[in-house]
Amino acid sequence: MKTIISLIFIMFPLFVSAHNGNFYRADSRSPNEIKDLGGLYPRGYYDFFERGTPMSISLYDHARGAPSGNTRYDDGFVSTTTDIDSAHEIGQNILSGYTEYYIYLIAPAPNLLDVNAVLGRYSPHPQENEYSALGGIPWTQVIGWYVVNNGVLDRNIHRNRQFRADLFNNLSPALPSESYQFAGFEPEHPAWRQEPWINFAPPGCGRNVRLTKHINQQDCSNSQEELVYKKLQDLRTQFKVDKKLKLVNKTSSNNIIFPNHDFIREWVDLDGNGDLSYCGFTVDSDGSRKRIVCAHNNGNFTYSSINISLSDYGWPKGQRFIDANGDGLVDYCRVQYVWTHLYCSLSLPGQYFSLDKDAGYLDAGYNNSRAWAKVIGTNKYSFCRLTSNGYICTDIDSYSTAFKDDDQGWADSRYWMDIDGNGGDDYCRLVYNWTHLRCNLQGKDGLWKRVESKYLDGGYPSLRFKIKMTSNKDNYCRIVRNHRVMECAYVSDNGEFHNYSLNMPFSLYNKNDIQFIDIDGDNRDDICRYNSAPNTMECYLNQDKSFSQNKLVLYLSAKPISSLGSGSSKIIRTFNSEKNSSAYCYNAGYGTLRCDEFVIY
């Protein structure tokens, strides 16, 4: 058997792509047309985004083409070849009816897959030496073009001034070992049970097909689709092209009991699996009984209601749904008795808020100073507050850290946030005449360090935000200068404040109907707002300390009855799926929770 496998590898050099130079494609469309379209994109690309029709992401199907021999109408790849003469020959065969056509010169990059290497002996046309571009080729990847007039190739290149050498220099096509999972063979194809593809087969592909054929076929198709679309997302992020939003699903969950807006309510990872549920309180119509209610996320943005009764829900200031013991499950914590005990109802797998734990006596501090902050080096949250002895943070195991400061800052400016990126929440607020930002930084040694900015604009009241503008640090941001500019500050690695400004994509006057959230999976918060007139969500992506001017629009399937970010209307992410999707979930009335799921490509 080892001998046979060795022979296969000799006959098919499956782990090495032979070409690392530039690539070529013959096309009838002019450079201006290609530029206006944003690049060389496949036929299925436009219908995928504009009409919602499926795009074929099977490299095997792309290489085979349609039964007529033409390109598939739903094709998700763009063909290229490795030398200009081959491109000229292809052009003469398929574009002979055009007096003039073009051969585009394309820079190597990981969106290009070596068809022969990936498909091996199953490559239908190995003589073509084709490299296929997954999802197409952005205009910024095109180095230039040659003109073919009446069949004669002019070898003088016309340079593309929009070519991004800073992005595409020194890149290479995707390695076969990175691409076998994208081969796109049918679920029952023998390749999935052979070397090398068996080692890269997505779940359900080629394994025990005869035993559970239908399930495996569906699993194989779904897993291949998720892998390819995640790859497409990553490529578009790497190439810094304008991204697109695609609606992928609409769900409607009925008989949902929504939390009462008079109490705390939060979207939380109730099960520790990345799917957010909506939890809060409700009170019987006669006011006789209070309960915790959660719209529990069952997966795929479908929900059902759960109810939990407790003997004591504690005082309003200090109530939170957080992970108190670091086990990944959400607990319910509060201050009980005469503001003297920290109490948490801990969750067990499938048993929410079922195990009560008392941290013992403590000074609960001043009402408006109470907050929960993430403890550095753990997944726990601690209860933090200002007391007569200074600031104290205490966890459910009664471990405390403390610091003193002579200025607790303005009430409408206080945030607990990881402004220095070390994994623990710091206490930040505006001091003096809203002119300086002061933070007490949580250190890994349990000690606290105070830092203060130089003069800055504290911004408009109620328009101050905690935003992850960069991938590893929370930024303290304020709306300033006629509501069109945002200034943000963070603590740099040398321990000093860095303040910068950026233009907003729209004027921002209040917090209603906006939300900062990462919708494209790059660990940076984007900005979204609800527009009531056309009933749409509009988002602008974070481009690292700036927001794109390219507006992404989602048309909602129903009308939300509350404003975005107010509680029952929220954009949420799912983190347990390769497709990296988000959804705008909202109370549509009559006990219905609607979720319009979308993906950013």
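Positions of Cβ are set from backbone N, Cα and C atoms, glycine also.
Of the listed cysteines (C220, C279), only C220 is recorded by Swiss-Prot as the disulfide partner of C205. Among the recorded positions E130, C205, C220, the residue whose Cα lies closest in space to that of R29 (NAD(+) binding site) is E130. The 10 Å shell around the Cβ of N32 (NAD(+) binding site) contains 8 further Cβ atoms across the protein chains shown.
Listed in sequence order, A87, H88, I90, G91, I94, L95, Y101, Y102, I103, Y104, V148 are the same-chain residues six or more apart from A26 (NAD(+) binding site) with CB atoms under 8 A from its CB.
Among the recorded positions E130, C205, C220, the residue whose Cα lies closest in space to that of G38 (NAD(+) binding site) is E130. Secondary structure from DSSP puts K35 (NAD(+) binding site) in a helix. Taking each of the recorded positions G38, Y41, C220 in turn and counting other Cβ atoms within 10 Å of its Cβ gives the largest count for C220.
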